[in-house]
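Colleague: Dumping the structure here so I can ask a few things about it.
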Amino acid sequence: MNLGIDLGTANTVVCDGRHGILFDEPSVLLVRAGGRHAKILAVGQEAADLLGRTSNGFVAVRPLQDGVVTDLETARSYLRTVLHKAGRRVWSSPVRAVLGVPVASTALENRALLEAAEEAGIRPATALDGAVAGAIGCGLDPMDRRVHLVVDVGGGTAEAVAFCFGGVLAHRTTKLGGDEMTVAVARYLREQHQLHVGELEAEQLKIRSAEDQGPLVAQGRDAATGRARLATVQAAEVAEAVRPITDEIVRTLAACLDDLPPQALADVLAEGVLVFGGSSRVQGFATELERGLGLPVKLAEEPLTCVAEGAARALRNRRLLAAYGRR
Ligand SMILES: Nc1ncnc2c1ncn2[C@@H]1O[C@H](COP(=O)(O)OP(=O)(O)OP(=O)(O)O)[C@@H](O)[C@H]1O
């Protein structure tokens, strides 16, 4: 198997060079707590479906925090199960992969991810900036002599990366992303509608508000009576709730332009800024970004899968991996 893997804070996507997307599910494991004897009960969508529905003793674990591996053992078990779900049946069958990593990740953080991947049976495992992989997935060539600027806004992080002819020129990262937007929506409902909602409901409301401008219905628990009830929320209210987060993301990422020479800016002005990652779909984000950067913004056609698709393509391009690969 020759795979591109986007092991994100929120979602994991695995793409095969020949067969396309093999796995696309939330990055989460459900384990039964038990110290060293913790047992994995469900992974991916199965685990996500059980969030908030299990009794005491079950814990949801995310293999990554802010885009990086924090626990080697968890990451290894998670990757092993993901490979199995992606169709790897024979333990000894060779798997090569390129894995997307945050541009600001340290050598030590990349080492942890690659070690977990190798222990899960991926050999060789190569790390590539997720933003560069996403650009490849959208049809850009990072070996071009023109400068490209891309923005990746995921669940736990957002980054802007400018690159050209095999090298990164400038980048900015923030540990704000869709997860914080979801928290902001839940807080808004509590404060303005006296409704307590779970994480899943707040996220669904955020996503629906990006697709439907009409009134939306939120389901939760009344703050005063503790009883289940519904509330009608306008899409514009959700946009207002997430605006402080999107503003902060745009402000941080826009500083990336300060590091670009005038000729590079001219390239980006001519071509526009490519935006991907699930949170690029949040209501009003693209407009905010366009205003903050003062540059035209283009939305990727496949914002959630282009990183894995690009990573799978990069696996076949030795020159590109020699230039951008991180070991
Ligand atoms: N249609 C949509 N509208 C708004 N938000 C969305 C939409 N689809 C997904 N999201 C949000 O996008 C985020 C996940 O995006 P993505 O899968 O790109 O992140 P990730 O790669 O797992 O995270 P990271 O890049 O931070 O490691 C979640 O917060 C999710 O709520």
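Any Cβ shown, glycine's included, is placed from N, Cα and C.
Positions annotated as ATP binding site by TrEMBL: T9, A10, N11, G155, G156, T157, E203, Q204, L205, K206.
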Colleague: Of N11, E203, L205, listed as binding-site residues, which ones have a Cβ less than 6 Å away from ligand 1?
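Modeller: What lies within reach of ligand 1, judged by Cβ under 6 Å, is N11, E203.
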Colleague: Cβ-Cβ under 8 Å from G156 (ATP binding site), same chain, 6 or more residues apart: which ones?
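Modeller: Residues satisfying the criterion: G8, T9, A10, L64, Q65, D66, G67, K175, G177, G178, D179.
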Colleague: Relative to the Cβ of L205 (ATP binding site), which residues of the same chain, six or more apart in sequence, are found under 8 Å away?
Modeller: V185, L189, V197, L216, A218, V233, V238
Colleague: In the three-state scheme derived from DSSP, which category covers G156 (ATP binding site)?
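Modeller: Looking at the DSSP assignment, G156 (ATP binding site) belongs to neither helix nor strand, so coil.
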Colleague: Do any residues at least six apart in sequence from N11 (ATP binding site), in the same chain, have a Cβ closer than 8 Å to its Cβ, and if so which, in order?
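Modeller: Once residues fewer than 6 apart are set aside, N11 (ATP binding site) is near D24, E25, P26, S27, G155, G278, L304.
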Colleague: For E203 (ATP binding site), list the number of other Cβ atoms lying within 10 Å of its Cβ atom.
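Modeller: Step by step: centre on the Cβ of E203 (ATP binding site), count other Cβ atoms within 10 Å, giving 20.
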